Amino acid sequence: MATFPASLLILNGKGADNQPLRDAIGLLRDEGVEIHVRVTWEKGDAQRYVDEARQLGVETVIAGGGDGTINEVSAALIQCQGGNVPALGILPLGTANDFATSAGIPEALDKALKLAIAGNAVAIDIAQVNDKTCFINMATGGFGTRITTETPEKLKAALGGVSYFIHGLMRMDTLKPDRCEIRGENFHWQGDALVIGIGNGRQAGGGQQLCPGALINDGLLQLRIFTGEELLPALFSTLTQPEENPNIVDGASAWFDIQAPHEITFNLDGEPLSGQEFHIEILPNALRCRLPPDCPLLR
């Protein structure tokens, strides 16, 4: 274990009192592994800690938190200039952990930590919106975005990813589709969308497989649109007979342009972005990530 490379863990402030994590880090340190720990408090901390990690010369920056933390650390890493950019490690500590789950990251802290420190580093894609904001997992629009942003923190803490589904059922009366136009490579669609998922990864909202065919190293974004007037029948049909569902539109492209006559909001791995025009493109091989050898998101 003493030969493991040095790493810096960027820990979401909500996980600072995680005793099992403290114990796991302590055991690794006792075995000679060099692990620096930094805790985020406010927006911009991840960028500062990534800069510090490069100064320390560590080989891995570990994102300890949920999808939002992973996204923030990833966005900071792709801003690095020059060589010796650390790889990304993932320690799933959030409510839903959608990206980590679909990537096959172990749930056990000790196993996830060892993978994050010494796993094989693979080049993966990341998505960029309007030439500035990034997401590593998925951009969701429509009803799903409102649910994930409005679900109470206490409900998420008590029930985890299931809380999104429960809160969604409670808010069905507010369901309204968003009219928009979406263009991509050999793709064009215009109409009313209940839910829009644009995935580099596969799932969002606590385990919902919105883009089940997505891969994180194929240079493509996967698109899925739920249309129609009723959301529950569309979702049920997706689970039972997705290939026969007329209310589902699928597409794949290295980029998508979205225009709407009114303001709509996308949730980018937990970060809301509102507007009427969105240009979303894939950045191939944008960073290296330590993943399990049988990661289902790799081609």
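Placed from the backbone N, Cα and C atoms, the Cβ positions cover glycine too.
Residues Thr40, Gly66, Asp67, Gly68, Thr69, Ile70, Asn71, Glu72 are recorded by Swiss-Prot as ATP binders, and the candidate that the same record lists for that site, out of Thr95, Thr101, is Thr95. Counted within 10 Å of its Cβ, the other Cβ atoms near Glu271 (active site, proton acceptor) come to 19, all protein chains included. In three-state terms derived from DSSP, Glu271 (active site, proton acceptor) belongs to an extended strand segment. Among the record's ATP binders, Thr40, Gly66, Asp67, Gly68, Thr69, Ile70, Asn71, Glu72, Thr95, no two C-alpha atoms are more than 17 Å apart, and one pair sits at exactly that spread.
Secondary structure by DSSP for the domain 'DAGKc' (2-133): 55 helix, 33 strand, 44 coil. Same-chain residues that are not part of Leu215, Asp218, Leu220 yet have a Cβ within 8 Å of the Cβ center of the Mg(2+) site turn out to be Asp125, Ala214, Ile216, Asn217, Gly219, Gln222, Ala252, Arg299.
The Cβ of Asp67 (ATP binding site) lies under 8 Å from the Cβ of Gly94, Ala96, Asn97, Asp98, Phe99, Ala100, Ile136, Asn137, Ala204, Asp269, Gly270, each on the same chain and at least six residues away in sequence.
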